[in-house]
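So the structure is just underneath, and the comments pick up after that.
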Amino acid sequence: MVPQVLLFAPLLVFPLCFGKFPIYTIPDKLGPWSPIDLHHLSCPNNLVVEDEGCTNLSGFSYMELKVGYISAIKVNGFTCTGVVTEAETYTNFVGYVTTTFKRKHFRPTPDACRAAYNWKMAGDPRYEESLHNPYPDYHWLRTVKTTKESLVIISPSVTDLDPYDKSLHSRVFPGGNCSGITVSSTYCSTNHDYTIWMPENLRLGTSCDIFTHSRGKRASKGDKTCGFVDERGLYKSLKGACKLKLCGVLGLRLMDGTWVAMQTSDETKWCPPGQLVNLHDFRSDEIEHLVEEELVKKREECLDALESIMTTKSVSFRRLSHLRKLVPGFGKAYTIFNKTLMEADAHYKSVQTWNEIIPSKGCLRVGERCHPHVNGVFFNGIILGSDGHVLIPEMQSSLLQQHMELLESSVIPLMHPLADPSTVFKDGDEVEDFVEVHLPDVHKQVSGVDLGLPKWGKYVLMIAGALIALMLIIFLMTCCRRVNRPESTQSNLGGTGRNVSVPSQSGKVISSWESYKSGGETRL
């Protein structure tokens with residue numbers, strides 16, 4: 001039921017046709033950009049493809065294939081062979097009777113075969129009695145023939161039912177197949193001219209036990225049905241579907257290869273010959289569950305990003321990437337141009353390889369051409385790097401770290417405070433903070449020097465400067481006092497002429513610096 005979709009997508013249905021979930025979705029059609037405010041942002045519902053505006057969901061029941069359905073459905077049946085037993089008796093002169101038995105076939109009738117089968121299954125003794133040889137009749141000196149018709153039932157005889165045309169396949173049929181069973185003709189001819197094959201159940205359709213009833217949500221717009229959310233929570237689009245009968249039941253073959261029987265008012269073409277449906281097994285159901293879980297996880301991440309935007313009242317290119325539609329269909333695209341939040345209607349398509357949307361350096365393909373950027377900004381968090389490469393947040397490459405750094409540094413406030421009821425304005429005619437955010441920093445215009453210190457750092461620097469200045473003043477005052485000492489003091493000190501003895505390393509006593517110097521030079 002899923003080669004590999006969605007749609008999810010896309011999704012599934014989209015290439016949520018399974019086995020290969022799209023690595024990315026990008027608009028193939030992008031409407032004009034219009035400015036919006038922060039509270040206009042919203043997370044897309046990736047579990048429903050907003051296809052052509054069909055967002056009205058209503059509960060309904062539909063029929064799909066059972067898990068374990070296989071292309072060759074086993075149908076139990078039986079063969080019925082008509083046998084005529086002939087007993088020929090001859091009675092001679094003395095009364096001896098000679099009996100000779102002979103058998104031959106006849107073409108049985110379906111009604112008689114059905115009755116014989118019912119006798120056999122019910123253990124009715126009439127079936128066993130019907131197989132006995134006829135009780136011979138005799139007449140003196142005459143030959144008498146007695147015949148008895150019997151129906152030999154052999155069961156089970158298993159055949160394969162083709163669900164597409166309800167034909168039966170078995171080696172017991174001429175050419176290996178039988179397509180003659182209808183309401184009025186409930187048997188098949190076999191390789192034996194006097195043997196017919198019949199299904200155990202008179203209604204062959206009940207042998208085609210491959211359907212199950214499920215509950216889902218129909219996505220519609222007015223009388224038009226665009227798709228539905230199946231029982232596992234995955235959206236399936238009816239775009240491109242065609243009518244196909246399985247076991248005589250009319251249904252729709254979807255683009256992802258699944259089959260459903262549901263009522264729609266739209267005219268749908270018949271599928272071309274040879275159009276088959278995919279196997280519905282536990283693996284396909286598990287893939288659908290995994291895709292749904294991934295889409296739910298991505299929606300939670302989007303809601304977290306949206307909550308962060310509303311809390312901080314700011315948005316970044318990286319956060320905008322969470323708001324991208326993850327499955328093909330109609331949605332929104334967001335971007336930031338010249339510090340203005342912009343929105344555009346978009347129709348998303350799935351991307352399987354990055355080369356599809358980045359064919360060359362600096363080119364982001366949208367539709368059939370390279371999409372222009374505005375100051376290095378595209379949309380949905382896609383930007384142009386400093387080296388000219390297109391940077392996509394979800395792209396796993398060596399540029400991812402560089403991309404993350406660029407995106408994280410691009411956080412700017414976008415929600416106008418006039419739209420925020422929690423904004424508190426200043427008294428008087430003082431400039432409001434939200435205005436200053438959009439103006440150049442006047443401090444940087446006054447001085448090109450910026451120490452980068454916080455407020456407390458500035459105070460520490462001022463205190464340290466004051467202490468250094470105080471120490472310098474004390475040092476200067478001390479020097480001035482020494483200079484202003486009386487000359488008498490200096491003369492008295494000079495006339496004293498005291499000798500200072502300093503012990504040398506050799507143990508001798510040196511009386512003055514001059515003696516120490518001359519002695520040291522002598523030793524050297």
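Backbone N, Cα and C atoms are what each Cβ position is placed from, and that goes for glycine too.
For CYS43, the disulfide partner recorded in Swiss-Prot among CYS271, CYS302, CYS363 is CYS302. The disulfide bond recorded by Swiss-Prot for CYS242 reaches one of CYS208, CYS226, CYS271; that cysteine is CYS271. For CYS226, the disulfide partner recorded in Swiss-Prot among CYS54, CYS80, CYS370 is CYS54.
Considering other CB atoms within 10 Å as the measure, the emptiest surroundings among the recorded positions CYS54, CYS188, CYS247, CYS370, CYS480 are those of CYS480. Of all the disulfide-bonded residues listed here (CYS43, CYS113, CYS178, CYS188, CYS363), CYS43 has the Cα closest to the Cα of CYS226 (disulfide bond). The glycosylation sites examined here are ASN56, ASN338; by Cβ neighbour count within 10 Å, the least packed of them is ASN338. Cβ-based crowding with a 10 Å cutoff singles out CYS271 as the top-ranked of the disulfide-bonded residues CYS242, CYS271.
When the recorded positions ASN56, ASN177, CYS247, CYS271 are ranked by how far their Cα is from the Cα of CYS302 (disulfide bond), ASN56 comes first. Checking each of the recorded positions ASN56, CYS178, CYS188 against CYS80 (disulfide bond) by C-alpha distance, the shortest gap belongs to CYS188.
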